[in-house]
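Record features, source Swiss-Prot:
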type	residues	note
BINDING	Q34, L35, R36, C37, K38, N66, S105, K134	4-amino-2-methyl-5-(diphosphooxymethyl)pyrimidine binding site
BINDING	D67, D86	Mg(2+) binding site
Amino acid sequence: MTFLPLKSPLKFYAVVPTADWVERMVEAGADTVQLRCKALHGDELKREIARCVAACQGSHTQLFINDHWREAIEAGAYGVHLGQEDMDTADLAAIAAAGLRLGLSTHSVAELDRALSVHPSYIASGAIFPTTTKQMPTAPQGLDKLREYVKQAGGTPVVAIGGIDLNNARAVLATGVSSLAAVRAVTKAANPEAVVKAFQALWDG
């Protein structure tokens, strides 16, 4: 099983909770956005995902849907992002057959090995620094471990996530990761659009 490669580098990767936020990120020119929506179910969730897909059409923003792979396939989303536990329950073959890209979360060498075995479009590694966004199963990985994960991943793009902000972004990029993901650095910012542009400028300088 192999998943399609990314059409373009992920670069700055905003993780947001609603379609409203996805629309804002597209308007701000974000390279990549993930809908991580835990509050909606059923038809409401389907409508939310459909809004996200519509918002990204005609833009360069790559859209990933967290967890909800069936709805993502139905809506024609660009990709799906799954956690380690989701690998046991999601129909990975169906996701691949539908032509969706796949990203997988990893928190250790063993999880990275497992993720790489299904040839995903990218892997996410974290949490790099302490984070209050979600309860993490492992201690923060730190930059030295992240550097090793990048080597282990070989040609598979690595997204760093967890406690990343504009103060530490350059140090994280220096490990060789191809993308920086941010949650609170965007959603809690006074001016999220300016934060997006500041992150994306890291790849231009």
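Here the Cβ of each residue, glycine as well, is placed from N, Cα and C on the backbone.
Features recorded in Swiss-Prot, as mapped to the structure shown.
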{"residue": "Q34", "record": "4-amino-2-methyl-5-(diphosphooxymethyl)pyrimidine binding site", "Cβ contacts under 8 Å, 6 or more apart": "Y13, A14, V15, V16, L63, F64, I65, N66, H81, A181"}
{"residue": "L35", "record": "4-amino-2-methyl-5-(diphosphooxymethyl)pyrimidine binding site", "Cβ contacts under 8 Å, 6 or more apart": "V16, P17, T18, A19, V22, E48, I49, C52, L63, F64, I65, N66"}
{"residue": "R36", "record": "4-amino-2-methyl-5-(diphosphooxymethyl)pyrimidine binding site", "Cβ contacts under 8 Å, 6 or more apart": "V15, V16, P17, N66, D67, V183"}
{"residue": "C37", "record": "4-amino-2-methyl-5-(diphosphooxymethyl)pyrimidine binding site", "Cβ contacts under 8 Å, 6 or more apart": "P17, T18, L45, E48, I49, N66, H68"}
{"residue": "K38", "record": "4-amino-2-methyl-5-(diphosphooxymethyl)pyrimidine binding site", "Cβ contacts under 8 Å, 6 or more apart": "P17"}
{"residue": "D86", "record": "Mg(2+) binding site", "Cβ contacts under 8 Å, 6 or more apart": "D67, W69"}
{"residue": "S105", "record": "4-amino-2-methyl-5-(diphosphooxymethyl)pyrimidine binding site", "Cβ contacts under 8 Å, 6 or more apart": "H81, L82, G83, Q84, E111, A115, I123, A124, G126"}
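Mapped onto three states, the DSSP output places D86 (Mg(2+) binding site) in helix. Using a 10 Å radius centred on the Cβ of D67 (Mg(2+) binding site) and all shown protein chains, the other Cβ atoms total 18. Classification of S105 (4-amino-2-methyl-5-(diphosphooxymethyl)pyrimidine binding site) by DSSP places it within a strand. In this structure, K38 (4-amino-2-methyl-5-(diphosphooxymethyl)pyrimidine binding site) belongs to neither helix nor strand by DSSP; it is coil.
Of all Cβ atoms in the protein chains displayed, 21 besides its own lie within 10 Å of the Cβ of N66 (4-amino-2-methyl-5-(diphosphooxymethyl)pyrimidine binding site).
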